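*Asks:* Please see the structure below; I have some questions.
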Amino acid sequence: MTLTNLDVIVVGAGFSGILAVYRLRKLGFRVQGFERQERLGGVWRENAYPGAAVDSLFPFYQFYDAELLQDWEWVEQFPTRAEMLRYFDHVDKRWEISASFEFGVSVSAARYSETTQRWTVSLEDGRRAEARWFIPAVGFSSVLNIPRIPGMSRFRGPIYHTAKWPHDAVSMRGKRVAVIGTGPSGVQIIQSVGKIAKAMTIFQQSPCLTLRKYGSPSQTATALCMRPDDHREALRLGLQTSNGFGYVPRDQDTLDVPIEERNHFYQQRYLAGGWAFWMAGFRDLCQNIQANRDAYDFWARRTRARISDVAKRELLVPQIPSFAFGIKRPCLEEDLYEVMDQPHVKVIDISNQQIELITETGIRVHGQTVECEAIILATGFGDEASGLRSLHIRGRNGIRLEDAWSDGVESHLGMAIHSFPNMVILYGPQCPTLLVNSPAVITVQVEWLCEIIARCQQAGICQLEATSKSHCQWERKMSLLWDKTLYHTHARKSKKTAEANKEEKTWVGGLILYRRELENCLANNLEGFQAWHVEETGLL
């Protein structure tokens, strides 16, 4: 069976997929969405681990649509998974978006036909769907990063990945628990499970640089975040600040400010909680290594004072940082270091000597076995392109996406790829995923997507494809910004990019400049694209 009466196919029902379906449907396009989960919510539907919560304040992490505010009120300043699912249910009630999705079905392949100028999407249940446009909206949190550790199948107890946590109740109370990974989910797991476990052993690859969710125990708000009481104003601000969270950096370089004034400023930002210390700090935080070290030293002094165990203090908050502060998105914590400082919690450094194997009863490292009853993999997801690769996409002449990206990711605007006509990626590689509020990025991308598809329909364009030249131009624009920052000092390299001596760069110019690039493309007659009209192809 093949569904053929479609204009657009959208894969994924997280923020980007939901918004794309809603906006395109409002424009009158025939849209069909597919989602492997049973309901809306994307990563929030899957991430059921203890402590799962949003790491940004409530006015900004939502759809930028004032209509949704009419009968909705956020209860939590940093919404938990439960509140996020309640929010998606509210969105569904308002927008009736589930009517345009099929749930519980996975996409096994997607292929473009030059003969018909249409995409065919194959589903795992054997059905197919065809449409002019194909919109993968799977983000970069859809493919799990499972470490390859010998002996995993031998372990007698349960092994949980945070993104595949059982939705049924799982109790860690009174158990000996091992946690591998100290990224965002690791931080939340450690805070939640560490308080009730009999023993917890944390395997740390590198120290996790965190910021206090609340600047002090008595605080419940971030005073220095531009967070107006009027949520509509907050939504406007979210699209008019570079980070999408309303934070504005101080318009001074760090070392131009006297040390006493500097430390007073750091103290203000630190006590504000949230990401104020990072996003509302001095403007050269992630550009000047001396400025960056100055900020790190202040943070380290405050954080080290919370850890009484000397050995743990050096592991968790070293005096010399492993990487520049803020080039990785800081995790937010409430009492992480107090939990890790407890005697029943052990921290093992695996930066130089990896885990050897998993036995029936524990984890062997440094020649010794750590006994445990449950293992938690807080190891996150694959690289930003892993979700797209999992869809087995083939473009013009049957070229596989994996082959097109054999030397690393290439794109135009982080949304389109040469040899893959009529395919627009939402919230994928090479767009502002690192430093910007994701719903804000998605909002401007979907606005651009809708304008592109509407223009093509009006102009009789049946095929729109990014040029190979546009890849080079986008790479050059990214590099001009990237090379001025400290991000290149700790750039991640996949095996393929390492072989090609390329860094996995992303857009670090923020939301305002990115939106300008999208607008320039539209204003300059779809710059960077080649278009074929219906009369040129013979398709009527």
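Note: Cβ is positioned from N, Cα and C throughout, glycine not excepted.
Model, not experiment: these values are computed from the prediction.
Annotations for this protein, taken from Swiss-Prot, read as follows:
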BINDING   VAL43, TRP44, ARG45, GLU46, ASP55, SER56, LEU57, PHE58  FAD binding site
BINDING   ALA53, VAL54, ASP55, THR182, GLY183, PRO184, SER185, GLY186, VAL187, GLN188, GLN205, SER206  NADP(+) binding site
SITE      ARG329  site 'Transition state stabilizer'
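Each of these features: where is it, how hidden is it, and who are its neighbours?
*Replies:* When secondary structure is read from DSSP and collapsed to three states, ARG45 (FAD binding site) falls in the helix class.
Its Cβ taken as reference, GLY183 (NADP(+) binding site) is surrounded by 19 other Cβ atoms within 10 Å in the chains shown. According to its DSSP assignment, GLY183 (NADP(+) binding site) is coil.
In the three-state DSSP scheme, ARG329 (site 'Transition state stabilizer') is classed as coil. Other Cβ atoms within 10 Å of the Cβ of ARG329 (site 'Transition state stabilizer') number 15 in total over all chains.
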*Asks:* What is the separation, in Å, between the Cα atoms of TRP44 (FAD binding site) and ARG329 (site 'Transition state stabilizer')?
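*Replies:* One finds 19 Å between the Cα atoms of these residues.
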*Asks:* Determine the Cβ neighbour count for PHE58 (FAD binding site): the number of other Cβ atoms within 10 Å of its Cβ.
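*Replies:* Excluding its own Cβ, PHE58 (FAD binding site) sees 19 Cβ atoms within 10 Å.
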*Asks:* Taking only same-chain residues 6+ apart in sequence, whose CB is under 8 Å from that of GLN205 (NADP(+) binding site), what do you get?
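*Replies:* Those within reach of GLN205 (NADP(+) binding site), by Cβ under 8 Å and sequence separation of 6 or more, are GLY181, THR182, ILE350, SER351.
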*Asks:* In whole Å, how far is SER56 (FAD binding site) from VAL187 (NADP(+) binding site) when you measure between their Cα atoms?
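*Replies:* Cα-Cα distance, VAL187 (NADP(+) binding site) to SER56 (FAD binding site): 15 Å.
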*Asks:* Give me the Cα-Cα distance between LEU57 (FAD binding site) and ARG329 (site 'Transition state stabilizer'), rounded to a whole Å.
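*Replies:* Rounded to a whole number, the Cα-Cα distance is 15 Å.
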*Asks:* Return the maximum Cα to Cα distance in Å (whole number) over the record's FAD-binding residues: VAL43, TRP44, ARG45, GLU46, ASP55, SER56, LEU57, PHE58.
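*Replies:* Overall maximum Cα spacing for these binding residues reaches 21 Å.
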